[in-house]
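Database features (Swiss-Prot):
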BINDING   VAL152, LEU181  chlorophyll b 2 binding site
BINDING   SER156, GLU172  chlorophyll b 3 binding site
BINDING   GLN164, ARG175  chlorophyll b 4 binding site
BINDING   GLN164, PHE261  chlorophyll b 5 binding site
BINDING   LYS212, GLN230  chlorophyll a 5 binding site
BINDING   GLU213  chlorophyll a 3 binding site
BINDING   ASN216  chlorophyll a 4 binding site
BINDING   ARG218  chlorophyll a 1 binding site
BINDING   HIS245, ALA254  chlorophyll a 6 binding site
TRANSIT   1-34  transit peptide
TRANSMEM  151-171  transmembrane segment
TRANSMEM  219-239  transmembrane segment
Amino acid sequence: MAAATMALSSPSFAGQAVKLSPSASEISGNGRITMRKAVAKSAPSSSPWXXXXXXXXXXXXXXXXXXXXXXXXXXXXXXXXXXXXXXXXXXXXXXXXXXXXXXXXXXXXXXXXXXXXXXXXXXXXXXXXXXXXXXXXXXXXXXXXXXXXSLVHAQSILAIWACQVVLMGAVEGYRIAGGPLGEVVDPLYPGGSFDPLGLAEDPEAFAELKVKEIKNGRLAMFSMFGFFVQAIVTGKGPLENLADHLADPVNNNAWAFATNFVPGK
């Protein structure tokens with residue numbers, strides 16, 4: 001009796017296995033299902049400066065661009081006076097350094113202008129202008145943000161420096177080697193958690209944004225240098241100098257300080 005029950009309950013009759021349920025491959029066949037995110041495609045820019053075939057500004061020089069030069073890094077004889085883009089590997093490294101330093105300079109120029117704008121808007125900030133900040137930071141108890149000593153308990157500039165080293169080291173480590181933020185595809189433009197706004201979804205807009213980033217970053221690096229020189233000479237921030245110049249363009253300009261070799265006076 002037990003043997004008969006076993007025979008009935010087993011999924012094989014007369015030595016042939018009976019299929020209880022079809023496999024997944026039989027149900028779906030050989031079709032492939034792919035899912036992708038639908039992103040609205042933005043039209044490529046009509047700007048002559050940021051498109052792929054950008055106008056070369058150095059028309060008088062030799063117009064034949066080198067093979068390594070893209071639209072963003074014109075390597076004509078006049079553009080790369082120091083021959084920094086002579087070797088392709090060096091050009092790639094220089095482009096990486098330019099993008100990283102340009103992003104930093106864009107943030108720095110925004111911060112220098114924003115601090116001056118906040119001071120102009122009568123928000124009482126205890127921090128000095130961009131010019132005098134380095135001297136004030138080394139003094140003890142100088143890093144009281146927004147004039148409230150209880151807001152940030154980091155009165156030591158060395159403690160702030162150590163925290164910055166740890167935090168930026170961790171972020172840069174994830175950017176280069178991957179980690180909990182996702183795998184690394186391109187270390188210079190990591191994407192994923194590093195791109196919360198999704199600016200790199202559309203490849204055409206992304207290529208145009210890369211060019212704009214490098215061009216605006218070069219402008220920001222040069223303008224930050226100008227802010228420093230202005231602050232050393234005049235002792236004022238960039239917005240104060242702009243307001244003074246607009247108030248009296250004839251007297252308040254660079255020539256008024258060109259004969260003044262004592263900084264800050």
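Glycine too: its Cβ is placed from the backbone N, Cα and C atoms.
Structure with Swiss-Prot features highlighted.
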| residue | record | Cβ within 10 Å |
| --- | --- | --- |
| GLN164 | chlorophyll b 4 binding site | 10 |
| GLU172 | chlorophyll b 3 binding site | 12 |
| ARG175 | chlorophyll b 4 binding site | 19 |
| LYS212 | chlorophyll a 5 binding site | 15 |
| GLU213 | chlorophyll a 3 binding site | 19 |
| ASN216 | chlorophyll a 4 binding site | 17 |
| ARG218 | chlorophyll a 1 binding site | 16 |
| GLN230 | chlorophyll a 5 binding site | 21 |
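When the alpha carbons of ARG175 (chlorophyll b 4 binding site) and GLN230 (chlorophyll a 5 binding site) are compared, the span between them is 35 angstrom. Taking only the Cα positions, the spacing between GLU172 (chlorophyll b 3 binding site) and GLN164 (chlorophyll b 4 binding site) is 12 angstrom. The separation of GLU213 (chlorophyll a 3 binding site) from GLN164 (chlorophyll b 4 binding site), Cα to Cα, is 24 Å.
For the pair the residue listed as 'chlorophyll a 1 binding site' and GLN230 (chlorophyll a 5 binding site), the C-alpha distance works out to 18 angstrom. GLN230 (chlorophyll a 5 binding site) and ASN216 (chlorophyll a 4 binding site) are 20 Å apart (CA-CA, integer value).
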